Ligand SMILES: *Cc1c(COP(=O)(O)O)cnc(C)c1O
């Protein structure tokens, strides 16, 4: 059921819906979610899907159906979550750098709120006192993550309230009678090393005794997923066992029980996404053979933005002789998806697939170069359904005042 799509299935989708096209595999999302649940079954654990990875409402509904909760970084994601049917206490709002009005709106919507600066914590306390429970995002200063741009726990990071400001947090909590329900951290993305989570948990348990109303510790996410053929993913089973051990020790020492939360984004939806493009032109230059496809970094920005690697297959000619290509998009500046990639011979009009394109793929797309955003299709139980139509020309003018 959760086997990857075959070339034939992907060709059928491109034939029906055209290309470029994002195709998502529902059962692969379910398999990832169920794996997490299984890995952490030794201790009460909840998973809040970080929907900034892929926020199509049909995906949100599907993930809700699996039993997950939702992590949101903007008030609009909160509203999408409510529309998708998540209960209010299943939605966690974890913004950074927003004004107090946005936090107040989240309170008026009744969702859980995570505060990420001393200034907002103070305003929150002064406004709501102990009448509305709150979580606090702590920066534990653990350096982690695959790339500086996606690493959020380091000393220069804008995220969270520094662990060194604990005394100031306590001062605000005491003065305003804040009900601190949870402590949160999120140290980055693509973290393979489970010690990062365990160290974070240690830091959190270390300060938990300062908060008498605490129910939970949220370890954020950043679970690594394999992009390259020989990549390893975060070992969630070992992590689950170690978290349960640490939690048991904490319970014994303090006679308190705390739920553990995670906020997986990429872990749930990276693998499920297949981005299908067409080779428009094969161009031999003096040094390189370029494949120019009918897409660009306006549709999949990760290679240009994060130097990320996406496996590519040529589904139109899988058995062709291997050749070396640089795969580029059509945006009018450097727009390279892959350098020196060995692929089965690419002919013009062949369909290529970028794998692991579900997370931060469509979600980060734009209309740069006045190009149209692609359609999205969800395949569930073998049935393909359009969940977002491709842009049409009029969409480019939609908000322009002519
Ligand atoms: C982005 C983000 C996540 C998800 O990170 P992934 O690497 O996609 O798992 C979780 N929590 C917060 C607060 C985030 O900003």
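Even glycines carry a Cβ here, placed using N, Cα and C.
Per-residue pLDDT, averaged over the domain 'Orn/DAP/Arg decarboxylase 2 N-terminal' (28-270), rounds to 94. The domain 'Orn/DAP/Arg decarboxylase 2 N-terminal' annotation in TrEMBL covers 28-270.
Other Cβ atoms within 10 Å of the Cβ of residue 52 (N6-(pyridoxal phosphate)lysine) number 18 in total over all chains. Marked as N6-(pyridoxal phosphate)lysine by TrEMBL: 52.
Marked as pyridoxal 5'-phosphate binding site by TrEMBL: 222, 360. Counting every protein chain shown, 24 other Cβ atoms lie within 10 Å of the Cβ of residue 360 (pyridoxal 5'-phosphate binding site). DSSP classifies residue 360 (pyridoxal 5'-phosphate binding site) as coil under the three-state reduction.
Among the features that TrEMBL reports, substrate binding site is placed at 302, 306, 333, 360. For the recorded site, residue 333 (substrate binding site), the DSSP three-state label reads coil.
Checked against ligand 1, the binding-site residues 222, 302, 306, 333, 360 give 222 as the ones with a Cβ under 6 Å from it, listed in sequence order. Classification of residue 222 (pyridoxal 5'-phosphate binding site) by DSSP places it in coil, neither helical nor stranded. Taking every pair among 302, 306, 333, 360, the residues listed as contacting substrate, the largest Cα to Cα separation comes to 21 Å.
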